[in-house]
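Student: Pasting a structure here, questions to come.
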Amino acid sequence: MAAVNTVSSLPCSKAGAAVAGGAPRPSTCSVFYPPRCWSKRSSGNGVRAQASTTETTAAPAAEVTTKVEKVSKKQVDGVVTNKYRPKEPYTGRCLLNTRITGDDAPGETWHMVFSTDGEIPYREGQSIGVIPDGIDKNGKPHKLRLYSIASSAIGDFADSKTVSLCVKRLVYTNDKGEIVKGVCSNFLCDLKPGSDVKITGPVGKEMLMPKDPNATIIMLGTGTGIAPFRSFLWKMFFEEHDDYRFNGLAWLFLGVPTSSTLLYREEFERMKEIAPERFRLDFAVSREQTNAAGEKMYIQTRMAEYKDELWELLKKDNTYVYMCGLKGMEKGIDDIMIDLAAKDGIDWLDYKKQLKKSEQWNVEVY
């Protein structure tokens, strides 16, 4: 069973699912997690000694090698992928679609909730595909676009029957001076409650949460890259589960251009009130903030203020880093870590490979 301690401040079209002003209203629902079952498999049943037809001494027995199946540190048990595919998508219904960026924000970002009736058994950190209505310039149906899920596994309404997305409307001017609109993002941002939407998935295991409830989880996000981290944090701080209680440290770094693009800010500040010792929150607002040297405050600039502390955390085997958002953020973060690791005589790029191998460095960028 999972109980929701608080609710989002977002508007909600479902009666009883949320309370205006963010006042908490407990709600319960069943959450099933299959038993954790891992096995070891042998590569063979053994080797018999072979005797030569001309010699009486037996050849030495060959060593028996046993292949041990790797046990993941993440919550992979029972994870479902690709239940719905492009040829046979699930048809959900839009329940809510609301803009969550200010009027002066550089672009629009929308939070939307779709019905699933429990038919899309996703986990925090997974994605779904959306197939927009209509046809392309060649007369063929539009291809699906993948979006990180922005809700916990039980959904914004705590009934395990919805899935939420965080989508930025893509509009830009190409080299010819023509205004181009992203097909799927505009389709989604224009959806009205009651409209149908074709959904595929769920997909992905890269961004699944760690099993260890005492882990340190460092989340690095830019823009709509906040989506999977909202799903993590709702599970950690807004819900109660019989089989999961987060007692570790969650540290979120969120990079955005302006204050009006700080997505879900009220939710995150409420989490800090609930668990001030277990949740740290740092914003990097590039067009409004600078560091001591007068440089623009990008996510890597903010991280540099805590570089020694971050490096010490990264030396521990229960620290997990998750990065989601614009691909350009990777280099800036690597630059910081290269210098830090070098002080200890460590090659950062090699060390990062080890972290990836142990599932402690997880990246989803675009």
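Note that Cβ sites are derived from N, Cα and C of the backbone, with glycine treated the same way.
Sharing the features that Swiss-Prot gives for it:
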BINDING   Arg145, Leu146, Tyr147, Ser148, Cys166, Val167, Lys168, Tyr172, Val183, Cys184, Ser185, Thr224  FAD binding site
BINDING   Ser148, Lys168, Thr224, Val256, Pro257, Ser286, Arg287, Lys296, Gly325, Leu326, Glu364  NADP(+) binding site
DISULFID  Cys184-Cys189  disulfide bond
DOMAIN    87-209  domain 'FAD-binding FR-type'
MOD_RES   Ser185  phosphoserine
MOD_RES   Thr216  phosphothreonine
TRANSIT   1-48  transit peptide
Student: Round to the nearest Å and give the CA-to-CA distance linking Pro257 (NADP(+) binding site) with Cys189 (disulfide bond).
Tutor: 20
Student: What does DSSP say about the residue listed as 'phosphothreonine': helix, strand or coil?
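Tutor: DSSP call for the residue listed as 'phosphothreonine': strand.
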Student: If you average per-residue pLDDT over the domain 'FAD-binding FR-type' (87-209), what number do you get?
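Tutor: Summing pLDDT over the domain 'FAD-binding FR-type' (87-209) and dividing by its length gives 96.
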Student: Cα-Cα separation of Thr224 (NADP(+) binding site) and Cys166 (FAD binding site), in Å?
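Tutor: So the alpha carbons of Thr224 (NADP(+) binding site) and Cys166 (FAD binding site) sit roughly 6 Å from each other.
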Student: Please find which two of Arg145, Leu146, Tyr147, Ser148, Cys166, Val167, Lys168, Tyr172, Val183, Cys184, Ser185, Thr224 have the most distant C-alpha atoms, given that the record lists them as binding FAD, and give only that distance in angstrom, rounded to a whole number.
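Tutor: Comparing all Cα pairs, the maximum is 22 Å.
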Student: Summarise the domain 'FAD-binding FR-type' (87-209) by DSSP state, stating how many residues are helix, strand and coil.
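Tutor: Going by DSSP assignments, the domain 'FAD-binding FR-type' (87-209) contains 7 helix, 51 strand, 65 coil.
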Student: Run through Arg145, Ser148, Cys166, Arg287 for me and report the binding-site residues whose CA is within 10 Å of the CA of Cys184 (disulfide bond), in sequence order.
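Tutor: Within 10 Å Cα-Cα: Arg145.
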Student: Roughly how wide, in whole Å, is the group Ser148, Lys168, Thr224, Val256, Pro257, Ser286, Arg287, Lys296, Gly325, Leu326, Glu364 that binds NADP(+), by largest Cα to Cα distance?
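Tutor: Spelled out: the longest distance between any two Cα atoms in Ser148, Lys168, Thr224, Val256, Pro257, Ser286, Arg287, Lys296, Gly325, Leu326, Glu364 is 28 Å.
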